[in-house]
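Sequence annotations record features per position, and here Swiss-Prot assigns disulfide bond to 47-62, 54-71, 61-89, 73-87 based on similarity to another entry. Taken from Swiss-Prot, the feature signal peptide applies to 1-20, supported by sequence analysis.
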């Protein structure tokens, strides 16, 4: 009887220790996931919206509906006659075509 009681106490102790370790692992995973979501949200806040200037940060455009916007540059002649490069975030033509096809597909197939 003493052996069974001792074995039961040992079993309960091991079970509680292992469940505490599992809970710690789950808590750590939740914290890591939360930190990665916060980092993504911060990066999303710092991005440049569509049709805004991206001359100084050509890789900082935001994500559109399906694709990330690309920094598109053109050469502009100023009133003084100087040529300068101006860039804006926009959707490339091949991405526009893909979004159009997806839009038609959603309308047809619901």
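Using the three backbone atoms N, Cα and C, a Cβ is placed for every residue, glycine included.
Cβ environment of residue 73 (disulfide bond): 55, 58, 85, 86, 87 lie under 8 Å away, each six or more residues apart in the same chain. The sparsest Cβ neighbourhood within 10 Å, among the listed disulfide-bonded residues (54, 61, 62), is found at 62. Across the disulfide-bonded residues listed here (47, 71, 87, 89), the residue whose Cβ sits among the most other Cβ atoms within 10 Å is 89.
Residue 87 (disulfide bond) carries a strand DSSP state (E or B). Cα distances from residue 47 (disulfide bond) to the disulfide-bonded residues 54, 61, 71, 89 are smallest for 61. Rounded to a whole number, the distance between the Cα atoms of residue 54 (disulfide bond) and residue 89 (disulfide bond) is 6 Å. For the pair residue 62 (disulfide bond) and residue 54 (disulfide bond), the Cα-Cα distance reads 11 Å. Distance from the CA of residue 61 (disulfide bond) to the CA of residue 71 (disulfide bond) is 7 Å.
It is 7 Å from the Cα atom of residue 54 (disulfide bond) to that of residue 61 (disulfide bond).
In this structure, residue 47 (disulfide bond) belongs to neither helix nor strand by DSSP; it is coil.
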